[in-house]
Amino acid sequence: MTTSHQPQDRYKAVWLIFFVLGLGTLLPWNFFITATQYFTSRLNTSQNISLVTNQSCESTEALADPSVSLPARSSLSAIFNNVMTLCAMLPLLIFTCLNSFLHQKVSQSLRILGSLLAILLVFLVTATLVKVQMDALSFFIITMIKIVLINSFGAILQASLFGLAGVLPANYTAPIMSGQGLAGFFTSVAMICAVASGSKLSESAFGYFITACAVVILAILCYLALPWMEFYRHYLQLNLAGPAEQETKLDLISEGEEPRGGREESGVPGPNSLPANRNQSIKAILKSIWVLALSVCFIFTVTIGLFPAVTAEVESSIAGTSPWKNCYFIPVACFLNFNVFDWLGRSLTAICMWPGQDSRWLPVLVACRVVFIPLLMLCNVKQHHYLPSLFKHDVWFITFMAAFAFSNGYLASLCMCFGPKKVKPAEAETAGNIMSFFLCLGLALGAVLSFLLRALV
């Protein structure tokens, strides 16, 4: 009876807003790690000035090789990637977990807007420091503090967005995943353009950081526009109501009447305003979504275990000494290839959601991704110690990477979409937060697994 009165998402405005928010969660951090060469170059120079260093094939290879002095590879530069991973993964896990328990006590608007503003501030400071000279140790410490802050607020932002999308129809988690996929594509293109242009490291890095600021500002504006969307308000009010009130709430909205609490409740509400029945047991929710939660965790464990630790070490077998081998093979065949097909996989869930949320095929397909571990490890990886190179030709690697990336994007997006729909509407936000935690757990486990897989090649 009431379904005919449900508002439509006019011009797909809410869908597009969540797409931009998804882009805003990942693009800043992707640009930050894309500028790793800029950070290590500043740590490698005694005066900490990288303003005159050009980005070239030679400098890219040198910075990737710990045995190369450039002019002298400092101890801070040598440990940069390991410490960066630690400073990124620990806050990501801790704050995603905290958000699962505290999201009802801290308002949603504070968590999302506060996180976006904090990330914006960090990137403004980062862009400013490109032009500031300082000693290597101070630069290293400040950079690690920024990494902790970006990932702490990024974890809160991502978990809160997945929780917010959980109160909408299932396919509204897809634009967040798709936006995150597009972030990877943008950074890959930016990396290739920077290498091709031979631009100074500082100029490329400054461009990355300013672009990140612009995207975060756009995400803030989009989030502020959400309360004006009737479609969004409709599902938010439905979620705020208890199960017995939902039918009445639908009728009130369809007749143009404001539910009790007026327009104020129609804004971007904080979980502290939710009724007591939202305080559901975490264990009960986990019992409903554990298969999907473990699935998304396993997906990202396999993905990060191989990409980029193993895949970025593959070299072209057909290019000889051409620029394709030395400059473009890894940026194109590895990073761009992965990000394009990952984005396509994530985006496909907007129009196709097979298999269904209760289908046994979903966890089976997730488990089948383990086959990519031997396939990619048997490609033409540099410095093989234990495994032969059975798939030497570039076509094998490019094909495996495309399937690897597409399955990652599609299956992960399905799991994230279905998780909040396996529970009651009042539990959807908590379920979304829990799914986000297991996603981050998969990233952390994958980072640990990557050391083992690389050592076994």
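For all residues, glycine too, the Cβ spot is worked out from N, Cα and C.
Features reported for this protein in Swiss-Prot:
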type     : residues : note
TOPO_DOM : 1-12     : topological domain 'Cytoplasmic'
TRANSMEM : 13-29    : transmembrane segment
TOPO_DOM : 30-82    : topological domain 'Extracellular'
TRANSMEM : 83-107   : transmembrane segment
TOPO_DOM : 108-111  : topological domain 'Cytoplasmic'
TRANSMEM : 112-130  : transmembrane segment
TOPO_DOM : 131-138  : topological domain 'Extracellular'
TRANSMEM : 139-157  : transmembrane segment
TOPO_DOM : 158-174  : topological domain 'Cytoplasmic'
TRANSMEM : 175-199  : transmembrane segment
TOPO_DOM : 200-206  : topological domain 'Extracellular'
TRANSMEM : 207-227  : transmembrane segment
TOPO_DOM : 228-291  : topological domain 'Cytoplasmic'
MOD_RES  : SER254   : phosphoserine
REGION   : 255-275  : region 'Disordered'
COMPBIAS : 255-266  : compositional bias 'Basic and acidic residues'
MOD_RES  : SER273   : phosphoserine
TRANSMEM : 292-311  : transmembrane segment
TOPO_DOM : 312-323  : topological domain 'Extracellular'
TRANSMEM : 324-343  : transmembrane segment
TOPO_DOM : 344-360  : topological domain 'Cytoplasmic'
TRANSMEM : 361-379  : transmembrane segment
TOPO_DOM : 380-394  : topological domain 'Extracellular'
TRANSMEM : 395-414  : transmembrane segment
TOPO_DOM : 415-432  : topological domain 'Cytoplasmic'
TRANSMEM : 433-453  : transmembrane segment
TOPO_DOM : 454-457  : topological domain 'Extracellular'
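By the Cβ criterion (distance under 8 Å, sequence gap of 6 or more), the transmembrane segment (324-343) is counted as touching the transmembrane segment (395-414), at least 3 such pairs being found. Most Cβ pairs under 8 Å with the transmembrane segment (13-29) belong to 175-199, among the candidate stretches 112-130, 175-199, 361-379, 395-414. Tertiary neighbourhood of the topological domain 'Extracellular' (312-323): same-chain residues 57, 329-330, 333-335, 376, 379-383, 392-394, 397, 454, 457, selected by CB-CB distance under 8 Å and a gap of 6+ residues from either end.
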